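As given in TrEMBL:
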BINDING   Asn7, Glu385  Mg(2+) binding site
BINDING   Lys14, His208, Ile209, Gly210, Asn211, Gly212, Asp283, Met284, Arg285, Gly331, Val332, Gly333, Glu334, Asn335  ATP binding site
BINDING   Arg91  substrate binding site
ACT_SITE  Asp148  active site, proton donor/acceptor
SITE      His180  site 'Transition state stabilizer'
SITE      Arg241  site 'Transition state stabilizer'
Amino acid sequence: MKILVINAGSSSLKYQLYDMTDESVLAKGLVERIGMDSSIVTHKPTGKAEVTEVSEILEHTTAIRKVLGLLTSPEHGVIGSIDQIEAVGHRVVHGGEYFGESAIVDSDVKSKIRQLFDLAPLHNPASMMGIKAAEANMPNIPQVVVFDTAFHQSMPEHAYLYAIPRVLYKKHKVRRYGAHGTSHDYVSLAAAEFLGRNIEDMKIITCHIGNGASITAVKNGRSIDTSMGMTPLEGLMMGTRSGDLDPAIVPFVMNKEELTVNEVNSMLNKHSGLLAISGISSDMREITEGMQNGDANSKLAFDMYEYRLRKYIGSYAAVMNGVDTIVFTAGVGENSVVLREKVCENLTYLGVELDKELNEIRSGEPRRISSANSKVEVLVVPTNEELVIARDTNRLVKGLKS
Ligand SMILES: Nc1ncnc2c1ncn2[C@@H]1O[C@H](COP(=O)(O)OP(=O)(O)O)[C@@H](O)[C@H]1O
Ligand SMILES: CC(=O)OP(=O)(O)O
Ligand SMILES: [Mg+2]
């Protein structure tokens, strides 16, 4: 079965086409700047040259039409016709309390995703645009949704409730949901597999640190706490998001700076984090470079990012009464040698001992970076959210057919 996986953002659309007979990727790519003056399409067909095109793409339906055109084009394509795509799998960030697992899209599922717009105003409307665009272009094939929040539905009440009037949970479902669950689930299982251990007996801390960043305590294979909250703003410091802050700062700043709700939301989501502190960039590569060139603001941004990550690792060791495995994943976690080194340097109290040479090895495979004497296994496990989405889509669509 050939499955198209779509991860739609408000102005971007990432895609991967899988052949599920061997889980190979036939092509992948990205449409950026949808709705802006010039959109950029980058298409990477396996075994053929990469193409970049600049064109005007005003909305997601056109973006998908463009992608389908590239996938079937004689020059850059990898399939003869759109009919070869048998299903589409979508990443949806927020599934609220409705979805503990993936689902086949129908009108009820769409209505629930829409009801969650309020809880994830930056993410769910974009997912819905992706779903609608896929339906418009491929009306006769099943669509599956895979939720970032699903893996975290196992959190106990004492971890997911906020200490605010309970009526807010009853009336508006204000609680912690977490995100990146597809990734935390995948890398924790891959870590257990790599170590040849049963995940049921493990205490794992998974650090998914990319553009968005979150950390999860995975005990006996289940998420028992995670740093993202009702929305993907809480927790770690991120590229452009503040992460944790005193909630009293919000009304204070709104008042002093005469900001609207939208403005303060935008400040915390898009103009904070590494970008705000460094004044240079949200990208950890540029921060590291700045730090190495002696830029004090880049160093401060790096130090704050690392410090906050280490605080969470300590607190999740506390909530699980110990930790046997720490996993680094996503853009920063998989690539930043220096961040992993700085974090581990200060975890010796847990029995962590980093092997600096192993830490410097670059590879796309799961690997150990702790020494043989370390009491805690420290691993780098490349994440693959798209593959999980393709697998879930495959499983659900096969179920539909049988
Ligand atoms: N070699 C590297 N060193 C440090 N950071 C890196 C490196 N390569 C990528 N990154 C970081 O990874 C981030 C992107 O992570 P990724 O998981 O791809 O994000 P997302 O999926 O949220 O867009 C970039 O913003 C960059 O900061
Ligand atoms: C939920 C979230 O933060 O997603 P991303 O890392 O893709 O921004
Ligand atoms: Mg990501």
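Placement of Cβ uses the backbone N, Cα and C atoms for every residue, glycine included.
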Close in space, distant in sequence - Glu385 (Mg(2+) binding site), Cβ under 8 Å, 6 or more apart: Asn7, Arg91, His180, Thr182, Ser183, Tyr186
Per DSSP, three-state class assigned to Arg285 (ATP binding site): helix
Integer Cα-Cα distance in angstrom, Arg241 (site 'Transition state stabilizer') to Lys14 (ATP binding site): 21
Cα-to-Cα gap, Arg285 (ATP binding site) vs Asp148 (active site, proton donor/acceptor), nearest whole Å: 26
DSSP three-state assignment for Glu334 (ATP binding site): helix
Among Asp148, Asp283, the one of these recorded positions whose Cβ has the fewest neighbouring Cβ atoms within 10 Å: Asp283
Neighbourhood of ligand 1 - recorded positions from Asn7, Arg91, His180, Glu385 with Cβ under 6 Å: none
Lys14 (ATP binding site): secondary structure state under DSSP, collapsed to three categories: strand
Neighbourhood of Glu334 (ATP binding site), C-beta criterion under 8 angstroms, separation at least six: Phe328, Val380, Pro382, Thr383
